[in-house]
Each structure stands twice: as structure tokens, then as C-alpha cells.
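One structure is given below, encoded as C-alpha cells.
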């Protein structure tokens, strides 16, 4: 059986009439803070754009990832949309038990359409989906940086706002920023690395950063690069840090952390600040490094 969403309900979150269910329904659970609501709305809007191909190429995998980010943060509408995708096998394998899991989450928040859908999908899975699991403990980065100025507080706030959109731990992002620019949005290296996350022009172009000294644009570019590196090196933080410093080509060439004093010191700093050597990654972002198996073999792992 296929299920249908009322487009107006999904897109606007208003009280509207849905012909499929034959009743008017409020579809969005209220969130406690305005900042949270804005963040969830941004995630939801981007997810819907990728699901429906509105202004961007249709990308169901990306839509699922973004909906799950919102679902994990408590957005009832994202929980419903994700349940609907699982119930219909829309771009992903149909899974009624997982659909029920997300419908149940939204229904508990009073999401009426999810309550109606519960009877069609049966029992919910008892297993928590991977994307709903919390990032590593101590993820907030409090020990990495204690803001000393309003400008630094702004940067830390932006990191906490943006990093979850990219599936990157704020703590890892803050470790990179501290090591790269010491939280200076105007930082410029002698190699022309620019801004908070010290993006070189090629990296800025690769991740569509037009204004590298704009804090938000720079953070988005750096976070997108970290997300890509995490997928490319399957969450190995040492390799990710080495690649961020010296380039993924150098890591592949040396089949591990390159023998550069600067890069090895950089990797040690990142690990000491992040306090983990692994990080969750999204395997859908890119295929892994062709050298990864050899790197692991060399390490004996």
C-alpha cells in the first residue's frame, strides 16, 4: 500500500485540509526556543528541496540525512516526513517497522497525521536507527575553547548551529578552528589559506565558498570538507586531520599521515583537543579512499 502526504501540509506546516485523510490538522510540533525553531526549519527546508528536487538535484539520500538530523533534534514534522519515506520506499528500501519508529516519535508530540499513520505500518522497530544516535560524548567542545570575546562567542555559536547540519561534531570543528586560525575570521596564511577554517582558494571553489572571510560561508565550506574527509577516510580522525592539513592526495601517497613535521604536529593537536580517534561518518557522501585498506594493513588494523 502506498501512502500520500498532503503537499500543503508538508511544505507549510499550517492548519490545512488534507484530502487523503479528510480532516484539518496541525502538522508541526512547537519547539521551545526561537533559535531551535529557526535551525529546524532550515534543516527541514533543505531536506524538502532535496526530496522534491526544488532548486537542487533530487537526492533522496541527502533528504533522509537532513530529515534525520531534524528528527534527532525533536522536529515532529521531520520525524513524520522520514516515516513517510520509509513507509513508501521513497528513495530508500521500504521498512514499515522503521516508519513506525518515526511516526511514533512524532505522534508523541501530538502530530495528528503521524497518529493516523501508525495504524498502517504496524509495530515499530525496537532498534534505534543509526542516524538517531547521539554524537560522541563531550561533543560540545567546551574544553576546546572558552570564548574570551563576543566575536569568539559568535564563532562558537555558529559552529554549534551549523555543524549538526553536516554531521560533524562541534568539538572536532572547534579543534580545527583553534588549530587553524585561533578563531580569527580574518586570518590569512603565507600559503593564502583564508578565514576561520583556513580554506585555500581551491577548497573554497570546491565547496562553493564565494566569500572566505565571511564567518558563516567559511564555516560551511570547512564543515563540508570535513564531512567529505570523514566519509573518504571512514571516520579515521588522524587521517582526516592529516588530509585537512596536507591534502588527501598526500595521505594517499604516503598511505598514512605524511612524514611532515608540521602535519604530524597538527594531527597530534587535533587528537589532543578532540580526544577521540574516530568519528561517525556518512558513507553516502563519497566512496572511501582507494588506499584505505592498505593504510589499515600497514597499521596492522
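Even glycines carry a Cβ here, placed using N, Cα and C.
Here is what TrEMBL says about this protein:
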SIGNAL    1-29  signal peptide
DOMAIN    161-255  domain 'Transglycosylase SLT'
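Across all of the domain 'Transglycosylase SLT' (161-255), the predicted model scores a mean pLDDT of 95. Counting residues of the domain 'Transglycosylase SLT' (161-255) by DSSP class, helix then strand then coil, yields 58 helix, 4 strand, 33 coil.
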